[in-house]
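Undergrad: I'd like to ask some things about the structure below.
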Amino acid sequence: MTIFCSHCHRPLQAKMSCLPTRAKQAPNASKPFRSTKSASKARRDQINAELQALRSLLPISAQEKERLSYLHTMALVCLQLRGAQLFPPGLAPPAGPALGTELLSLLPGFLLVLSADSKLVYISENVAQVLGLSVVELLTQGDTVFDILDGQVGEDVQKKLLLAREEPGREITFVSEMRTSKAFRLQHGGNRVMAVCGRFVTLRWPPSPSTTAFLALCTPVVQSPTDGEAASQDDIFQSTHLLDMMFIEVTESVTYHLGYHREELVGQSWYSLLHPEDADLAAVQHRAVALGAGAGPGPGPGPAAGSAVLRVLRKDRAWTWLCVWARRDGGCITCTCRCLREEEAAHLRAQQPRAAAPP
């Protein structure tokens with residue numbers, strides 16, 4: 001009985017002749033593995049080369065490019081691609097960098113552009129002065145506006161953006177904390193509260209999601225009169241009162257904010273301008289400051305004693321919101337008043353406990 005080899009189907013006595021064949025096949029079995037490792041390295045090298053090429057095209061300094069990780073590079077590339085889709089290079093004349101820097105330095109906040117689906121398209125470079133984070137660092141949070149906002153207000157912001165998208169040109173405002181650098185949080189005790197005011201604009205015809213952008217200005221909601229980093233002095237006026245809150249002096253800028261001339265207010269009571277629902281809150285502030293609880297620029301008491309968010313009557317009979325910081329200077333009370341949007345006032349009022357009226 002002849003026994004055949006299961007490998008080459010030759011008689012067993014010829015089996016030894018199979019061994020060289022099998023020996024030759026063993027090394028071949030490892031070729032696919034060596035080929036895969038080699039192909040993987042080639043792919044990695046190709047990806048690295050492509051990323052280096054993309055990095056070289058980014059409109060940032062060579063020093064900044066050197067610090068970019070692959071993740072940062074891709075985030076910036078995506079931002080540039082979204083921007084190029086909304087703002088093709090030939091759509092508008094280029095602005096000189098010196099002029100752009102000068103204009104940005106005059107803004108009370110930074111510029112923000114979003115796509116129709118809330119993706120980040122543009123963030124002006126002066127964001128670092130407001131949030132303590134560069135554009136690159138901010139992009140590490142994510143690629144949508146919700147990634148840089150406090151998550152608790154995401155649903156409300158989404159509703160407002162949807163409403164604005166359905167009615168292009170309609171201005172909306174929302175207030176939320178924005179993420180900041182660790183150094184900023186240590187210095188200020190948390191993230192920065194920002195008011196985002198903007199509208200959807202159709203950039204090219206016909207209107208479509210790819211030709212529509214949300215253009216906004218993001219300004220800090222100033223928490224104190226000494227928070228002058230990004231506060232606009234254009235929003236502020238000052239008044240001086242006797243201890244009973246009768247006007248004895250007021251800056252001329254009150255005409256711009258409330259419509260009154262200085263002479264119309266001198267000799268009048270502060271309470272004659274207040275909304276009836278805010279009179280008790282103003283009285284609490286008045287009493288605390290008059291008794292010295294809110295005196296002086298030093299540490300002293302908290303905002304409950306020296307500041308309040310109130311409605312006052314303009315000359316045109318409309319109500320406007322003010323954040324009023326008051327302090328006692330000898331026999332007088334000095335008030336620093338900043339005009340607020342309704343959304344800013346609502347945010348600050350939510351943080352301001354309503355105290356009972358003084359006896």
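The backbone N, Cα and C atoms fix where each Cβ goes, and this holds for glycine too.
Pulled these features from TrEMBL for this protein:
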type	residues	note
REGION	23-42	region 'Disordered'
DOMAIN	31-84	domain 'BHLH'
DOMAIN	102-168	domain 'PAS'
DOMAIN	247-278	domain 'PAS'
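Please go over these features one by one and say how buried each is and what sits next to it.
TA: Note on the domain 'BHLH' (31-84): its mean pLDDT in the predicted model is 78.
Per-class residue totals from DSSP over the domain 'PAS' (102-168), listed helix then strand then coil: 34 helix, 13 strand, 20 coil.
Within the chain, the domain 'PAS' (247-278) has long-range Cβ neighbours (under 8 A, six or more residues past its boundaries) at 234-241, 286, 308, 310-316, 319-320, 332, 335, 337, 339.
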Undergrad: By DSSP, how many residues in the domain 'PAS' (247-278) are helix, how many strand, and how many coil?
TA: 15 helix, 6 strand, 11 coil
